[in-house]
């Protein structure tokens, strides 16, 4: 299975870089993983709705340019479907079973994802109604993908 994570912005915090590197290493026996970072737009604090939309649209164009046509696209979105870890494992397993071996997860920037990116998504996934920093979300997503593979293989880890 090939999994790509397309994420807006660069990770600056060392502890996040180390956590991400650890899960990428742990995932290597299960899938080929790639993390693609696209530049975030410079956005001052008090943006008007029109300015915010421009920022999200520009980031969205960068995201869409990184998605391969054959990939099944999963956008992380507050309005997406909530899945338990077991349901997420089943979801990944089913995609692989039915020949969808390329998955692309999309993590937007601090202002979210553009309408165009959400329309391109084949599935919208939510990690709950809480808001997380998009940099931290990358680590959380990788941990859940790792957990899913452990569940799929019946290997110890998941409690």
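Glycine too: its Cβ is placed from the backbone N, Cα and C atoms.
What Swiss-Prot records for 76, 108, 127, 128, 129, 130, 131, 132 is S-adenosyl-L-methionine binding site, and it gives sequence analysis as the kind of evidence.
In this view, residue 108 (S-adenosyl-L-methionine binding site) is surrounded by 24 other Cβ atoms within 10 Å of its Cβ, with every protein chain counted.
Counting every protein chain shown, the number of other Cβ atoms lying within 10 Å of the Cβ of residue 76 (S-adenosyl-L-methionine binding site) is 24. If you take the C-beta of residue 129 (S-adenosyl-L-methionine binding site) and look for same-chain residues 6 or more apart in sequence within under 8 angstroms, you find 78.
Around residue 131 (S-adenosyl-L-methionine binding site), taking its Cβ as the centre, 11 other Cβ atoms fall within 10 Å, counting all chains. DSSP gives residue 76 (S-adenosyl-L-methionine binding site) a strand state. Within the set of binding-site residues (127, 132), the lowest number of other Cβ atoms found within 10 Å of a Cβ is recorded at 132.
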